[in-house]
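Asker: Just dropping this structure here.
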Amino acid sequence: MAAAVSSVWAKPGAWALEAEEHEAELKQQPSPTNQKSSAEDSSDFPSLAAAATTKTKKKKGQTISLAEFATYGTAKAKPAPQTERLTQAELVALPTGPRERSAEELDRSKLGGGFRSYGGGRYGDESSSSRWGSSRVSEDGERRGGGFNRDREPSRDSGPSRADEDDNWAAAKKPISGNGFERRERGSGGGFFESQSQSKADEVDSWVSTKPSEPRRFVSSNGGGGDRFEKRGSFESLSRNRDSQYGGGGGSESDTWGRRREESGAANGSPPPSGGSRPRLVLQPRTLPVAVVEVVKPESPVLVIVEKPKGANPFGNARPREEVLAEKGQDWKEIDEKLEAEKLKDIAAAMEKPNEKSTGKMGFGLGNGRKDEERIERSWRKSTEHSEEDAQEEEPAVEGAKKEETEDKPAVEEAKKEETEGEQAVEEAKKEETGGEPAVEEAKKEETEDKI
């Protein structure tokens, strides 16, 4: 192949064909790994025919006793997992208390030990004042607390923590008497860890019982109504404490709402209210007359019986035929009998006439029969409401029918005469035919004689 490729006179593209042939040969040669994998695949996933032919080996039965069979189905209790226990030597080697610390470790465990050298001195130059939680330096050089380290002195960091010194350090607090609402100076301390006041809940279980109750002031009313006790609100003691603290000359009543109302009333010209109470409203007298409202008692309700409308009548205002004839003074039975008698007469007359089906002149009887049938149908289709009028109209109709019958009688007689005349003509024709037969026989005889 190399020689063919290296030859100068080889066809262009011959090397590509040789490469394809070589790849096809390599593909046809199965590799040993492929053979192994194919054998494993055939065993794991046999074909349907192989799976049907191969038979699985049956396991031999195991003989057990009846007692074992009875206890075989019961669930056996699983043994509890045995935990690995320490040996006696390991138990003795375990520590029984905290390890004694050295002096260096004690120094390290103090508050702020790991952050002393971070960012320069803690309270040194002013460059550290820009950090969050650091001390603030004012213009006059006085240091004031800021952040979580408010009012913390440098000497506090060198000492041990209060939590390490005493288990219950809150009990060693000294209660400082003072009002909780007093305003503190801006530069004074009082952070989270350096609060100067002690909670009342820590001192006494029920501190409400020790709260001094302020007596009500005995105030005399100027209006002559007698003396009374003045009621104070819960916030008046706070206002009095503020006045005493700041030295207000107006007294505790200068900041109350009652005093302000009195001052506003005096400015408007109205008399001041007595005892700091709300001023009474002075309304303008009524000028319009009072409308008299008359109370009208409702009358007793009148029961109105309303007939329920019946369902819609599909026939409208139509009434039975019997009722209409009874109002007119006529008997409907007599009218029905008359109609039936006329009907029977018409039927009998129609039955007497012959039913002829011939054409031409013989068709008069059919026409008369049709007229009779139409007249009968017309008589039965009349409305029941106008029965009287119909009965009156039927009288001339019956007379006209009788006249038609009388007029039709000569026509029928003429037709019968024509029929008889026709029958005679037919008989004459038959006679003529019979008379011509001997002449034919004579002619036949003459022919036979001539032949002889």
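Glycine residues also receive a Cβ, built from the backbone N, Cα and C atoms like all the rest.
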Asker: With the ranges 79-86, 191-198, 215-222, 335-342 to choose from, which does Swiss-Prot describe as motif 'Nuclear localization signal 2'?
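Answerer: Of the candidate stretches, Swiss-Prot labels 215-222 as motif 'Nuclear localization signal 2'.
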Asker: Out of 52-59, 172-179, 316-323, 356-363, which range is noted as motif 'Nuclear localization signal 1' by Swiss-Prot?
Answerer: 172-179
Asker: According to Swiss-Prot, which residue among S43, S206, S234 is annotated as phosphoserine?
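Answerer: Swiss-Prot annotates phosphoserine at S234; the rest carry no such entry.
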Asker: Out of S31, S270, which residue gets the phosphoserine annotation in Swiss-Prot?
Answerer: S270
Asker: If you run through the compositional bias 'Basic and acidic residues' (98-110) with DSSP, how many residues end up as helix, strand and coil?
Answerer: 6 helix, 0 strand, 7 coil
